[in-house]
Amino acid sequence: MSNHQIHVIGGGLAGSEAAWQLAQAGIKVRLSEMRGTGEMTPAHQTDGLAELVCSNSFRSDDADKNAVGLLHQEMRRLGSLIMDRAEPAKVPAGSALAVDRHVFSDGVTRALAEHPNVEIVRERIDTLPTDGMTIVATGPLTAAALASSIGEAAGMEHLAFFDAIAPVIHFDSIDMEECWMANRWDKIGPGGGEGKDYINCPMNKEQYQAFVQGLLDGEKTEFKEWESSTPYFEGCMPIEVMASRGPETLRHGPMKPMGLDNPKTGRWPYAVVQLRQDNASGTLWNMVGFQTKLKHGAQVELFRTIPGLEKAEFARLGGLHRNTFIQSPKLLDPTLRLKSAPHIRFAGQMTGCEGYVESAAIGLIAGRFAAAEILGQELAPPPADTALGALLGHVTGNVETTDYQPMNVNFGLFPTLDDVKKKQRKEAYTARARASFGRWLGEVVEPA
Ligand SMILES: Cc1cc2nc3c(=O)[nH]c(=O)nc-3n(C[C@H](O)[C@H](O)[C@H](O)COP(=O)(O)OP(=O)(O)OC[C@H]3O[C@@H](n4cnc5c(N)ncnc54)[C@H](O)[C@@H]3O)c2cc1C
């Protein structure tokens, strides 16, 4: 079958889902996957499509109280292959959806191999196609030649080789009695304002020393050899690496107290942890300079010792891995097409979503957008108050971020519901999303 109508590059979570959506819409797909030719990414271990490279969990399956559970539900309503093949591969994991990774990957591979509209070709693609409709879904570990071809098309400065990420916290879990808003030296930023852009969490000497010790002692994620060859970005050094350089290093770096008068004491604290607004609505706040490779459990335990963050809820925890992603809000249009070359769409983690489910979800909607385009139909993006719409908004720039970084789906990406009591807010978000998603589905034209 060489008369394909679309070329999907990468048979991971996103590419498999995109290919499935297209095939189900009656479109002939060529799906190129380099594994199976003797090539391997540094993290994959098999030739199977949609291989899960690390944990075997799709996280919470609770569609009433959890944003990723809601995303599962929306994907199921759209006939997701990933969600469908997860079902028979399920292993017990409480309220989470976890799978036997081999059963799961075999199921996805078989479904695509048996589909009459899909041709799976084991080949490595080294350059972005100059014509023909294409979806690029080659993931965070995109092979080097294609990564540099993408860099040329996207502008090299837009292709990030990402290393460390800092945690992001839900605003309504921060104790603002303990913290205060201020800029260093009360400086007014370029965007104007009152010089009160940052949330500052004060520490005394004992708290600081215990915190530094906690960083040094905390359990770290071990990295494979390949990660040691990926250089850190300037200014993106993991915090525990800085802490290991000396007890005062952090007090002269990201935890510097200078110019930050605590209104309770009228003096600078011994050290300060600063949080910077991460989204336009102010529901998410980023821990400035706190990129880390501490294990997730160790991060939660240690960061909750910071005054004001005792009850912090994390929208994202810090992490470190090689990650190729593009500055999607700048480069892509609302249907994930590269503005400078609209025959190319991007999908999956390449677009700056984070996680298996999110990558598959962006693959799903990229497949649907491409199918609609080929069939001459209109497909409006899902509404911003649905999980899929909120995630797509993060990727395509409907939600403004001060610094575009990969992110899991979470309620902080949804339009706010301030008039609902905090206890009932999660259910209110999901109820609103379900109604909105249902209305949108009503408008989606399914192919005959
Ligand atoms: C080390 C590591 C650990 C992770 N752990 C987790 C975790 O525990 N939980 C979680 O939710 N997420 C995790 N992630 C994130 C996870 O990888 C992604 O969320 C998800 O797999 C991305 O889906 P994707 O389809 O975008 O990319 P992938 O699933 O990586 O698929 C991309 C595919 O493209 C292929 N490919 C690459 N280059 C080419 C080329 N030039 N030509 C042809 N094919 C190519 C690859 O072989 C691969 O099959 C981890 C990521 C990494 C790197």
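Keep in mind that glycine also has a Cβ here, set from the backbone N, Cα and C atoms.
Taken from TrEMBL, the feature FAD binding site covers Gly10, Gly11, Gly12, Leu13, Ala14, Gly15. Annotated domain 'MnmG N-terminal' per TrEMBL: 6-377, in sequence order.
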Should one count Cβ atoms within 10 Å of each candidate's Cβ, the binding-site residues Leu13, Ala14 would be headed by Ala14
Other than Gly10, Gly11, Gly12, Leu13, Ala14, Gly15, the chain contributes near FAD (Cβ within 8 Å of their centroid) the residues Val8, Ser16, Glu17, Ala18, Glu33, Leu49, Ala50, Ala137, Thr138, Gly139, Ala347, Gly348, Ser359, Gly363
Cβ neighbour count (10 Å, all chains) around Gly12 (FAD binding site) is 30
